[in-house]
Amino acid sequence: MSKRDYYEVLGVARGASDEELKKAYRRCAMKYHPDRNPGDAAAEATFKECKEAYEVLSDGNKRRAYDAHGHAAFEHGMGGGGGGPGGPDMGDIFGDIFGNIFGGGAAGPRAARRGADVGYVLELDLEEAVAGIERRIEIPTLIECEPCHGSGSEDGKVEVCATCHGRGQVRIQRGIFAMQQSCPHCDGRGTLIQNPCKTCHGAGRVEEDKVLSIKVPAGVDTGDRIRLAGEGEAGPAGTPPGDLYVEVRVREHAIFQRDGDDLHCEVPIRISQAALGDTVRVATLGGEAEIRIPAETQTGKLFRLRGKGVRSVRSRSEGDLYCRVVVETPVNLTADQRELLKQFEATFTGEDARKHSPKSATFIDGVKGFWDRMTS
């Protein structure tokens, strides 16, 4: 059966960047890795296909050769031993899946592999995000199997793989290139289990809901992430666990809108307060504060209350609270109130009205000028 195009295997365009290739490989590895699909031969075959594609496309020289000649670039002189003469040694370029993606460095299966990182979205009210909180969460994850202590073996015995001699990797020759890849006999583990654990079926890990207590620092905002080292999935065959990344999302607030460390809100005032001036009380996250409204205040005027915003989670400086005044039209008026407003309105005549309502006069003049230009 002919091989599929490597770009098709990873689901990327031929011009994909290194980062796009890495992300595509990560998605494939997380979905089809044998540790996640024990006993599934089809998933294992797909995983190996993705790994082979990534090993070629992630290396500049091999990618150029593949782009020029396709699979034919690697079909001659294949062997199972060490690198042939004259060919560049690609020895340690390719680690195990978790070494490549998550930063493993040392050779060998136990050094290169680790558990997968886990993500969790934590929703908070604004007050909780501003003040900080300790929250208990429950996450589904893979933990080390207790009966076999993560070894995957019922009796605790494992055998060193005779093919790779425990390294988990073998070197093969493909055309002019020598490269290193996971051992197909032990799937990169370096060991073989003859008597699999009855609890985890040889995986060394079992699914379980883990309960954790998270201390959320004061001042966090949507998009901030909290890393809990070692609280991700247990690593295969007793290797180190991954990390847990908690992403914060702050719910919308009924009064305040957040912009970084600053807060914004609207403060409704009556027409009489706007015209005559007044002192109004406004809510802040720390209690109430006063704003002095000067006479003849218009809708949209901003008042700044310094230090009444959010204390920064990074610099510990405090943001400000910006209060936008909105002059509210009165409703549910009594007959007497309506009559008073009519009498008040009657006092605005001719040029006097323009003097008391400068924005209205400017608007009317603008409309008149527009129509004059349109009809001239």
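Yeah, the Cβs are placed from backbone N, Cα and C, and that goes for glycine too.
Quick look at what Swiss-Prot annotates:
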DOMAIN    5-70  domain 'J'
ZN_FING   132-209  zinc finger
BINDING   C145, C148, C197, C200  Zn(2+) 1 binding site
REPEAT    145-152  repeat 'CXXCXGXG motif'
BINDING   C161, C164, C183, C186  Zn(2+) 2 binding site
REPEAT    161-168  repeat 'CXXCXGXG motif'
REPEAT    183-190  repeat 'CXXCXGXG motif'
REPEAT    197-204  repeat 'CXXCXGXG motif'
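Distribution of Swiss-Prot features across the structure.
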residue	record	contacts (Cβ under 8 Å, 6+ apart)
C145	Zn(2+) 1 binding site	G152, C197, T199, C200, A203, G204, R205, V206
C148	Zn(2+) 1 binding site	E154, G156, C197, T199, C200, G204
C161	Zn(2+) 2 binding site	G168, C183, H185, C186, R189, G190, T191, L192
C164	Zn(2+) 2 binding site	V170, C183, H185, C186, G190
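Most Cβ pairs under 8 Å to the repeat 'CXXCXGXG motif' (183-190), among the stretches 145-152, 161-168, 197-204, belong to 161-168. Helix, strand and coil content of the repeat 'CXXCXGXG motif' (161-168), in residues and according to DSSP, is 0 helix, 0 strand, 8 coil. Break the repeat 'CXXCXGXG motif' (145-152) down by DSSP state and the numbers are 0 helix, 0 strand, 8 coil. The DSSP breakdown of the repeat 'CXXCXGXG motif' (183-190) into helical (H, G, I), extended (E, B) and coil residues amounts to 0 helix, 0 strand, 8 coil. Mean pLDDT across the repeat 'CXXCXGXG motif' (183-190) comes to 81 in this model. All protein chains shown were included, and the count of other CB atoms within 10 Å of the CB of C186 (Zn(2+) 2 binding site) stands at 24. Around C200 (Zn(2+) 1 binding site), a 10 Å sphere centred on its CB holds 23 further CB atoms from the protein chains shown. There are 20 other Cβ atoms within 10 Å of the Cβ belonging to C183 (Zn(2+) 2 binding site).
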